[in-house]
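Presented below is the structure to which this report refers.
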């Protein structure tokens with residue numbers, strides 16, 4: 001949208017929407033229902049998933065590698081399903097209906113998983129200390145468990161891509177207060193999200209590990225039921241953006257027409273000569289012309305054979321597209337290289353939720369000189385504490401300070417924020433490798449403090465040595481993950497924001513699958529190596545630190561790749577003479593997104 005148009009809309013937004021019913025934006029007034037629903041939903045989901053790795057190995061008698069791969073595949077499938085959920089939301093149902101259905105599905109999934117613990121016939125008999133006394137799950141038991149997983153996948157498919165966009169919909173994007181509200185909403189969304197995680201991996205995980213799996217898994221199911229009730233209680237307050245039909249149809253039209261017209265010569269001044277028509281019913285902001293991917297411009301190049309309707313629209317959009325459509329496709333295509341970098345970065349976070357838990361299992365988890373042991377899965381709380389403490393500081397202190405220096409609405413650009421997070425992910429893996437090397441050395445050279453059944457000796461190294469890597473991982477997410485969500489929301493066209501939100505989770509899915517692939521490859525290639533298997537059941541006999549260094553090397557290459565992509569990237573809606581041409585540049589005339 002042009003600058004003058006924006007100023008006019010901000011000064012008198014009602015003049016622009018005289019032919020449409022006025023939208024009553026409630027902003028922060030509706031947040032107790034939305035963020036409250038999100039908090040209880042995460043308390044329920046994370047309360048189950050955070051300790052699911054231990055549940056599979058202790059109650060369902062699975063081996064560590066098998067359980068890790070199942071969790072990675074489940075997480076990957078869950079996150080990839082958000083793409084389908086976002087498509088159905090934007091095309092047919094809208095965010096409100098999608099969230100309502102998905103929340104109910106999540107409750108049913110948690111209830112099914114709770115029943116696997118509460119009913120003896122739905123899980124294998126208790127496994128003794130000897131490996132030959134273990135009996136794995138039957139086909140029926142596994143099918144029932146996977147049914148719960150399937151319902152959780154359906155729930156996540158609707159909740160994850162829609163929750164953020166639905167919350168941001170409650171703020172007026174045409175006013176300054178609304179814009180600031182959207183920016184703060186992303187930070188506070190992750191704050192409450194992480195608070196829910198902390199409660200889950202401490203209190204709920206403690207009940208699961210030390211009291212009863214049936215009770216511990218029943219609490220999340222009850223919390224999810226509360227989330228359902230809370231969400232529907234606020235129904236009358238919400239701004240409900242209706243589905244506008246498949247946004248992907250427009251994308252496909254541009255690609256098809258551009259290929260059909262590949263023989264046309266590109267126009268000399270495309271920003272003046274391309275077919276430029278924006279329907280009054282469109283919810284998308286008008287985009288300025290950008291000179292990237294110019295081959296797509298041919299889709300909006302007018303020829304003598306093209307027919308125009310009396311209202312100025314194309315008679316056949318499969319033969320002639322608008323410049324607006326072309327620019328929207330460019331927005332989508334430009335985001336993909338940045339998204340690819342996010343896949344590699346998040347592998348570092350995946351390890352903190354899988355192998356770092358096994359590191360804690362074979363470390364001294366006693367709290368001081370007491371007999372109380374901190375559950376292994378609860379150490380992830382330090383990641384969440386780090387993120388929770390940093391986000392308010394960043395939102396209320398760092399951003400305003402940087403805003404005064406840089407003049408940017410967010411203090412720094414979104415890509416700079418993501419880049420800092422990717423760099424921190426590399427440091428996280430270096431620290432993780434050093435700590436694992438110390439843990440293993442102490443286990444092999446000094447007296448151990450016990451044996452973990454079917455695993456190995458427990459190192460006398462305090463598990464608190466794992467805290468630095470979790471703290472760094474939390475800072476990594478505070479920069480890269482929050483930055484990504486804001487990036488996708490702002491850089492995608494308005495009618496594709498749910499799909500943009502799903503892209504974040506698809507990146508996490510890719511990380512989970514890639515992590516599982518790396519584990520399988522390294523497990524096979526090092527099984528007969530002179531140094532021994534890097535990833536055996538007993539970490540003391542393996543070289544998990546080598547695996548971490550491998551991920552570090554990938555992270556370094558990925559960081560270099562990201563810097564190249566960030567230098568090349570052009571923000572949505574900025575004309576070609578005011579583009580941000582590199583990650584750190586600030587031109588005086590630049591308009592930030």
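Yeah, the Cβs are placed from backbone N, Cα and C, and that goes for glycine too.
TrEMBL labels come from automatic prediction, so no person has curated them.
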Practice problem: Out of 78-98, 99-119, 246-266, let me know the one TrEMBL marks transmembrane segment. | Solution: 99-119
Quiz item: Any idea which of 546-569, 570-593 is down as transmembrane segment in TrEMBL?
Solution: 546-569
Quiz item: So, do the transmembrane segment (186-207) and the transmembrane segment (503-526) meet, by the test of 3 or more Cβ pairs under 8 Å (sequence gap 6 or more)?
Solution: no
Quiz item: Where, among 139-166, 213-233, 332-352, 463-482, do we find the most CB pairs under 8 A to the transmembrane segment (503-526)?
Solution: 332-352
Self-check item: Recorded stretch, among 99-119, 332-352, 463-482, maximising Cβ pairs under 8 Å relative to the transmembrane segment (414-435)
Solution: 463-482
Quiz item: the transmembrane segment (99-119) and the transmembrane segment (213-233): do they have three or more Cβ pairs under 8 Å, with pairs 6 or more apart in sequence?
Solution: yes
Exercise. Would you kindly check 99-119, 332-352, 372-393, 463-482 and say which stretch has the most C-beta pairs under 8 angstroms to the transmembrane segment (546-569)?
Key: 332-352
